[in-house]
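Per TrEMBL, the feature compositional bias 'Basic and acidic residues' maps to 35-44. Annotated domain 'CCHC-type' per TrEMBL: 226-241, 251-264, in sequence order. Sequence annotations record features per position, and here TrEMBL assigns region 'Disordered' to 35-60, 82-102.
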Amino acid sequence: LPTAISATGVSQAQLDNYAIHLRLEEINRKLRLNDFVPPERERSPSPPPTYDAQGRRTNTREVRYRKKLEDERIRLVDRAMKNDPNFRPPVEYHQQKRNQRPSEKVYIPVKEFPEINFFGLLVGPRGNSLKKMERESGAKISIRGKGSVKEGKARPDQYADDAEEDLHCLVLGESEEKVAACVKMINRVIETAASTPEGQNDHKRNQLRELAALNGTLRDDENQICQNCGGVGHRKYDCPEQRNFTANIICRVCGSAGHMARDC
């Protein structure tokens, strides 16, 4: 782009967009060439060092100045898109936006409750429980950390940083509200599993019914009519009532149980 233009017949918005284009070109060039650390006399004092879970420093001089330029690029592109609806942001903008989405980690207490299959309760039959939480909250859930990938299977490169962490759910969303709603759902599953006997866990029971339905082996006892008492929801051999012999008598006229044809 030329570095000097005539202001004749040019609006303020056009001048602003032109300045944005120039600055974006400069920022992209600096980031591409790793030329973003200013001379020593222009540097600000370094903050105290911070480290991640693996002991790697997260606020080196290079990281801080790169982030400063990337944040400026986000602001400039947002401004340009507001001024010009036809403005096409650079590819790096979309990548950075995705990386800056609100997120939260929910750690799964597998060490405290080794006998509970939290992974299965969260994922569900064919991943349906996980998909339902994502659909209802609008957030995205990824299960990461130790035990998230079966032994012998390759681990995707993007999961490498989480490989040595404890098992957890990484929740990503377009807003803090969506992330919070999803985290609440995950915690509800974990807390219910930890505090409720397996036989009384409705979530687990519903998953088993769903799995049986998917496999074609579901026996729908909820709508089953007992041949002993006539009640709904259980079978004859599970009936809590005393055995009713008349229930085994079938009327030839109406087909109902409990009476003979002559009494119909």
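Backbone N, Cα and C atoms are what each Cβ position is placed from, and that goes for glycine too.
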Residue distribution over DSSP helix, strand and coil in the region 'Disordered' (35-60): 3 helix, 2 strand, 21 coil
Residues of the parent chain within Cβ reach of the region 'Disordered' (35-60), under 8 Å, 6 or more residues beyond its termini: 29, 66, 68-69, 161, 164-165
Structural state census, the domain 'CCHC-type' (251-264) (DSSP three-state): 3 helix, 1 strand, 10 coil
DSSP-assigned states of the region 'Disordered' (82-102) in counts, ordered helix, strand, coil: 11 helix, 0 strand, 10 coil
Segment confidence, the domain 'CCHC-type' (251-264), expressed as mean pLDDT: 76
